[in-house]
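Data block below; observations after.
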Amino acid sequence: MVLIRVLANLLLLQLSHAQKSSELVVGGDECNINEHRSLVFLYNSSFGCGGTLINQEWVLSAAHCDMENMRIYLGWHNFSLPNMNQKRRVAKEKFFCLSSKNYTEWDKDIMLIKMNRPVTYSTHVAPLSLPSSPPSVGSVCRIMGWGAITSPNETYPDVPHCANINILNYTVCRAAHPWLPAQSRTLCAGILQGGIDTCKGDSGGPLICNGQIQGIVSWGDNPCAQPLKPGHYTNVFDYTDWIQSIIAGNTTATCPP
């Protein structure tokens, strides 16, 4: 238990210095301890990201969250209050849409991680289902993570924060970023009036709609939560066949074009 407390304190100390320029939950509230059982924290000595447990051996995250010496934390809620349900794993294998990891901000920002050994489900560790259909515009979805809760001057919580946002028409994101392609395998999601958003530290975490992981936190503007500047999420439904093929053992499966 002493070692766990030391680790927890180290995570808290370094988290504020360890974020890539990516995503967080601004404008949210502390997650209920029972609502984020699939939420995973990916971490090394340089930065942290989110992820989602999809079965006993596999975690889904963003390609730009790839890191050396990745450690995978499951069942965590409050970093300052360790509990016996917490698990730690390392990455055994990682899979990307392109072997070169030549993803872009608007396409193929997805990573599938096989852990070094399976986890046992518990009251604080459970998987999230892959999508059976894509979300519709207007759907209310849930975001969560240990990312910054203020922006641009970031502060980071020791517990994950959650918030609701809406699936928006992709044209809203193109209006905010005219350089985006006309079509993309991303979801545009947020609150048009601003105030709620993912932000630094939330990258790789889930966008949950109707109890399924529909999106992966990919990128957004800085400062976060600006009006008319929603976030961008990898559209998981478009990659479901690829994910299932990799898990089934077809490691040469290709992503959709």
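Note that the numbers count up from 1, one per residue, in the order the chain is shown.
From the backbone N, Cα and C atoms, a Cβ is placed for every residue, glycine too.
The signal peptide annotation in Swiss-Prot covers 1-18.
Sequence annotations record features per position, and here Swiss-Prot assigns disulfide bond to C31-C162 (among others) based on sequence analysis. Non-local neighbourhood of C162 (disulfide bond): V25, G28, D29, E30, C31, N32, E35, H36, R142, I143, M144, each in the same chain, at least six residues away, with C-beta under 8 Å from its C-beta. Secondary structure at C162 (disulfide bond), as computed by DSSP, is strand.
In the three-state DSSP assignment, the secondary structure recorded for N44 (N-linked glycosylation site) is coil. As annotated by Swiss-Prot, N-linked glycosylation site applies to N44 (among others), with the evidence given as sequence analysis.
Under DSSP, C49 (disulfide bond) is assigned to a strand (E or B) in the three-state scheme. Taken from Swiss-Prot, the feature disulfide bond covers C49-C65 (among others).
For H64 (among others), the entry in Swiss-Prot reads active site, charge relay system, with the evidence type similarity to another entry. According to DSSP, H64 (active site, charge relay system) sits within a helical segment. A simple way to gauge crowding: the CB of H64 (active site, charge relay system) has 20 other CB atoms within 10 angstroms, across all the protein chains here.
Taken residue by residue with DSSP, N78 (N-linked glycosylation site) is part of neither helix nor strand, so it is coil. In this view, N78 (N-linked glycosylation site) is surrounded by 15 other Cβ atoms within 10 Å of its Cβ, with every protein chain counted. Look at Swiss-Prot and you will find N78 (among others) tagged as N-linked glycosylation site.
Under the DSSP three-state reduction, C255 (disulfide bond) is assigned to coil, being neither helix nor strand. Counting Cβ atoms from all protein chains shown, C255 (disulfide bond) has 20 others lying within 10 Å of its own Cβ. Summarising the annotation, Swiss-Prot assigns disulfide bond to C97-C255 (among others).
What Swiss-Prot records for N102 (among others) is N-linked glycosylation site, and it gives sequence analysis as the kind of evidence.
Per Swiss-Prot, active site, charge relay system is recorded for D109 (among others), and the stated evidence type is similarity to another entry. Around D109 (active site, charge relay system), taking its Cβ as the centre, 26 other Cβ atoms fall within 10 Å, counting all chains.
What Swiss-Prot lists as disulfide bond is C141-C209 (among others), and the listing cites sequence analysis. Spatially close to C141 (disulfide bond) yet at least six residues away along the chain are P135, N164, I165, N166, I167, A189, L207, I208, C209, Q214, G215, judged by Cβ distances under 8 angstroms.
Non-local neighbourhood of N153 (N-linked glycosylation site): empty, since no residue in the same chain at least six residues away has a C-beta under 8 Å from its C-beta. Sequence annotations record features per position, and here Swiss-Prot assigns N-linked glycosylation site to N153 (among others) based on sequence analysis.
Annotation source Swiss-Prot lists N-linked glycosylation site at N169 (among others). DSSP assigns N169 (N-linked glycosylation site) to coil, not to a helix or a strand.
What Swiss-Prot lists as disulfide bond is C173-C188 (among others), and the listing cites sequence analysis. Within 10 Å of the C-beta atom of C173 (disulfide bond) sit 23 other C-beta atoms, taking all shown protein chains into account.
In this structure, C199 (disulfide bond) belongs to neither helix nor strand by DSSP; it is coil. Taken from Swiss-Prot, the feature disulfide bond applies to C199-C224 (among others).
Annotation source Swiss-Prot lists active site, charge relay system at S203 (among others), citing similarity to another entry.
Taken from Swiss-Prot, the feature N-linked glycosylation site covers N250 (among others), and the record attributes it to sequence analysis. DSSP gives N250 (N-linked glycosylation site) a coil state; it is part of no helix or strand. In this chain, none of the residues that are 6 or more apart from N250 (N-linked glycosylation site) has a CB less than 8 Å from its CB.
According to DSSP, C97 (disulfide bond) sits in a coil region rather than a helix or strand. For C65 (disulfide bond), the nearest of the disulfide-bonded residues by C-alpha distance turns out to be C199; the candidates were C188, C199, C224, C255. Secondary structure from DSSP puts D109 (active site, charge relay system) in coil. Nearest Cα neighbour of C49 (disulfide bond) among the listed active-site residues (H64, D109, S203): S203. Contacts of N169 (N-linked glycosylation site) defined by a Cβ separation under 8 A and a same-chain sequence distance of 6+ are given as V137, C188, in order along the sequence.
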